[in-house]
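A.B. asks: Right, I'll just put the structure down here and ask away after.
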Amino acid sequence: MSDQHSQNARRDFLKQATLISASLMAGTTYALEPRVPSQIKNLYPFFGTHQQGIASPAQKQIYFMVLDLHTHDIKEIKDMFKTWTEYSANLTSGKNVKNYGSNAYVPTIDTGEADGLNPHNLTLTFGISPTFFEKLGITKLKPKALNTLPHFPRDQLKEHYSGGDICIQACADDPQIAFHAVRNLVRVARSKITMRWSQSGFNSFENGDTPRNLFGFKDGTGNPQGEALNETVWCSENDWLKNGSYLVARRIQMHLETWDRTNLNGQEETFGRHRDSGAPLGEKKEFDAVDLEKKDEKGNVVIPEISHLHLAKKTGLKILRRSFSYASGVDPKTGQFDAGLLFISFQKDPAQFITIQNSLGNIDKMNEYITHIGSGLFACFAGVKDENDYLGKALFDQI
Ligand SMILES: C=CC1=C(C)c2cc3[nH]c(cc4nc(cc5[nH]c(cc1n2)c(C)c5CCC(=O)O)C(CCC(=O)O)=C4C)c(C)c3C=C
Ligand SMILES: [Fe+2]
């Protein structure tokens, strides 16, 4: 190739690349085709009063990403959320982020690993942390309750699993769908954000049964349902967070080898529930009422006072737990499984989580089997109402 020819080719390439990145960020609208023409199934509608991925029934897979801001320019961040809104509406309805163009000399506009796949109930949930407000110089708009979580007894938080400015929770019934979504959202915003930490996770269940965690116990039984769920999770104050929620994320390592050496009675006393049925100790069925006062014939409390169930329930507070197990190889320091729970809870006020975690504190019988190593608190926007709305509009309109 002559020098002139190669210069021209490079100039054309750069022009195309500039056009593409400009249209990526400006949100140019293309007529989009579904990835599985005429057979789209399994989707949660993106538009609505609340973001999906909170009250939506939990899917089988998660890819959770925490990002740091790389720019302090509010206009750039606002545009990024507009682009993410457009991309998320497409991804959750089984489309790629944009249709492919015909120029093979530029990188493809979608990374392609979801081609031919249904959305598999993909939900995308976005939140922002206290440091988001600090970095953008808009602390007057930070809700009073949005502060870094306090240090709890026995916390061993690692910097590389904590903090961050923005979270994206991608849940789906297929791992590649969840990863593809986050990858493409990060890709389009690469000049504005950097990746801080992420965690994938899984849940397995048949026919809507409660999934079991890696300790073999049903996890999620006591979650609020129906109106109680609404009462638990949605912020109702008349500010930009109305119809949003607070997301707590904790990366909790579970010491499986120690647990596996504990006898069944010890395991059941740890949780205060039967392992097989999930019923409260002394009861038969999973959803039988929990009676913390109930005594056996010797006068001992049936659900031990230091059991996880007793300590959580006695606070009288509710949170919505939407956690996923993780298995991330072998811990190089201990030679044991690096496995545990990506604990995620939603609540209308972080105080709900804080009070329960303080109650579990030092005395939860489960503490000897777990270590909290990652943490984050994020305020999740209200839902995107329609095509004229975008993620965080109620907040950005006030700046
Ligand atoms: C501060 C909040 C909580 C943390 C952190 C937490 C960690 C954690 N939990 C389990 C397993 C189970 N938890 C269960 C019940 C339960 N847990 C919390 C809160 C936290 N758990 C609450 C509020 C409840 C419900 C209490 C109630 O009102 O009924 C159960 C029992 C079954 C169920 O209801 O889900 C299990 C099992 C693990 C393994 C874990 C950290 C690794
Ligand atoms: Fe729990």
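Keep in mind that glycine also has a Cβ here, set from the backbone N, Cα and C atoms.
Note: TrEMBL annotation is automatic and uncurated.
Grabbed the feature section from TrEMBL, which reads as follows:
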| type | residues | note |
| --- | --- | --- |
| DOMAIN | 51-203 | domain 'Dyp-type peroxidase N-terminal' |
| DOMAIN | 210-384 | domain 'Dyp-type peroxidase C-terminal' |
| BINDING | R273 | protoporphyrin IX binding site |
| BINDING | H308, R321 | heme b binding site |
A.B. asks: Can you see whether DSSP assigns H308 (heme b binding site) to helix, strand or coil?
C.D. replies: helix
A.B. asks: R273 (protoporphyrin IX binding site) to H308 (heme b binding site): how many Å between their Cα atoms?
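C.D. replies: R273 (protoporphyrin IX binding site) to H308 (heme b binding site), Cα-Cα distance: 9 Å.
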A.B. asks: Tell me, how many other CB atoms lie within 10 A of the CB of H308 (heme b binding site), whichever protein chain they belong to?
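C.D. replies: Taking every protein chain into account, the count is 21.
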A.B. asks: Just counting, how many other CB atoms are there within 10 A of the CB of R321 (heme b binding site)?
C.D. replies: 21
A.B. asks: Restricting to the domain 'Dyp-type peroxidase N-terminal' (51-203), what is the model's mean pLDDT?
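C.D. replies: Residues in the domain 'Dyp-type peroxidase N-terminal' (51-203) carry a mean pLDDT of 98 in this prediction.
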A.B. asks: Tell me the coarse DSSP state (helix, strand, coil) of R273 (protoporphyrin IX binding site).
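C.D. replies: DSSP call for R273 (protoporphyrin IX binding site): strand.
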A.B. asks: What's the number of neighbouring CB atoms sitting within 10 A of the CB on R273 (protoporphyrin IX binding site)?
C.D. replies: 26
